[in-house]
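So the structure is just underneath, and the comments pick up after that.
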Amino acid sequence: MGRTSKDKRDVYYRLAKENGWRARSAFKLLQLDEEFQLFKGVKRAVDLCAAPGSWSQVLSQKVGGQGSGQVVAVDLQAMAPLPGVIQIQGDITQLSTAKEIIQHFEGCPADLVVCDGAPDVTGLHDVDEYMQAQLLLAALNIATHVLKLGGCFVAKIFRGRDVTLLYSQLRIFFSSVLCAKPKSSRNSSIEAFAVCQGYDPPEGFIPDLTRPLLNHSYDTDFNQLDGPTRVIVPFVACGDLSAYDSDRTYSLDLDGGSEYKYTPPTQPPIAPPYQEACRLKKNGQLAKELLPQECSINSVDKLPQPLAIHTLLDPKVEDNEIHC
């Protein structure tokens, strides 16, 4: 597999590199903005779970590029610096992080809070959906500390069977909640984005990160709050219909007959967790799984032998009572 294979399989990955974006997800935020005008009148924006920084790049151009705009990016992982973006390496579940955000805004609340974070998927869909829901609630919780009344909140969701619970929780705090699917988001993915506009918390609501919304105390956090009894959350497809299909493979031949040239990623990851494994593989030191058909008699004899069974069993146990 050559280094151009992903450019063929994922046109948005290729376009992101050609346009200087750190990740293909930049197109998702741009297409959401085309539909909802998220950046209109925004002077202070917060990007939660920001690494590697593609959404922060978009915010810095759309908000920070206005001269008076300010952008704060927050992530647990280190992120390469971006011009016009204030970076905080911190935990979004900590009150100190919320205070630091407000401090950078000189005591003023944010107009827009976005979160494109997602946990490492396990392949167990129920577990992945649950973990994503908890991450969204953590982002919502810190948003209640830093977002101004009437502000906007955009966060990634997984449209699982319990997504209606998330909608109802978000609807308590926002006058408008929609589910949006950008064109650059693969059709094969259950990923979508909750676009929440008009921040309007219940009367008497006091944000409290010491009792986060994700601690399962629904009786005190949600069930006692008054809100709509039945709301249908609209589903909106974002992006021009003529835009590229994120699930389609495109040719590398460019328009006008120009020759394709490979473009490296704009910003390689900083100290990724797989870096050590790549080094071991490159040096031929990475352990390989030994398949049964590859085992010879001699190689089997060299493998570590299990402990003698008499050291593990009561000597009174008869052989016919041992079930392996």
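Cβ from N, Cα, C; glycine included.
When Swiss-Prot records Gly53, Trp55, Asp75, Asp91 as binding S-adenosyl-L-methionine, the matching candidate from Asp33, Asp116, Asp120 it lists for that site is Asp116. Cross-referencing 141-160, 181-200, 221-240 with Swiss-Prot places the feature region 'Required for binding to WDR6' at 221-240. Taken over all pairs of the listed S-adenosyl-L-methionine-binding residues (Gly53, Trp55, Asp75, Asp91, Asp116), the Cα spread reaches a maximum of 18 Å, rounded to the nearest whole number. Distance between Cα atoms for Asp91 (S-adenosyl-L-methionine binding site) and Lys156 (active site, proton acceptor): 18 Å, as a whole number. Between the alpha carbons (Cα) of Asp116 (S-adenosyl-L-methionine binding site) and Lys156 (active site, proton acceptor) lies a span of roughly 5 Å.
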